[in-house]
């Protein structure tokens, strides 16, 4: 009798104990993220890779376009450019015994003569008597004759009947550039000393200065 009671009590205690269930096992291939998250991630990676490749391709294209004009220059073109750059200074060179200043070549005579003879000498050299453009050029030519203590002829004479000082190229003297000192009459020509511009007889003897234009298309030739 006592043994049966004990058995019943033990049986009830075991049946009253709650049953523990083990958690369901997860498959290794099962992901806790929704499927559209994975799809968005893959698309984002693909777009990033395409963007990087596009930037690289664009950079290569720009470099190619920049280098193309340089590669198109043939050896003949390069040689021609070198020849032009080498020849340009030679075309601007004045003849021997001539001095260059700005866009002109200047030659100071070593002898004295009348204005007409001086004009003819310059003409024989393919030049003209000096035509003074401005005060700066006047200072330059005075420095050329410094120490000679003599006046020099320029291409300026007094003409009739208009009673004007005119340059040999036909232009009228600008008094802002030169101011003539001395008596002005028929047969007067202009000479320049270290401190003034003189009116004197064209038959007087003076040294003279010839000039040639410096032009890129032609070289001053020795006379």
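Backbone N, Cα and C define each Cβ position, glycine as well.
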If you check Swiss-Prot, which stretch out of 19-22, 23-26, 27-30, 31-34 is marked motif 'LCK-binding motif'?
-> 31-34
Please find, within the list 5-10, 11-16, the residue stretch that Swiss-Prot describes as motif 'ITIM motif'.
-> 5-10
Here Swiss-Prot annotates transmembrane segment, and of 46-66, 67-87 the range meant is 46-66
Counting across all protein chains shown, how many other Cβ atoms sit within 10 Å of the Cβ of residue 189 (disulfide bond)?
-> 25
Integer Cα-Cα distance in angstrom, residue 210 (disulfide bond) to residue 189 (disulfide bond) = 16
Disulfide-bonded residues considered: 122, 202, 210; fewest surrounding Cβ atoms within 10 Å belongs to 202
Using DSSP, would you call residue 202 (disulfide bond) helix, strand or coil?
-> coil
Cα separation, residue 122 (disulfide bond) to residue 202 (disulfide bond) (Å, whole number) = 16
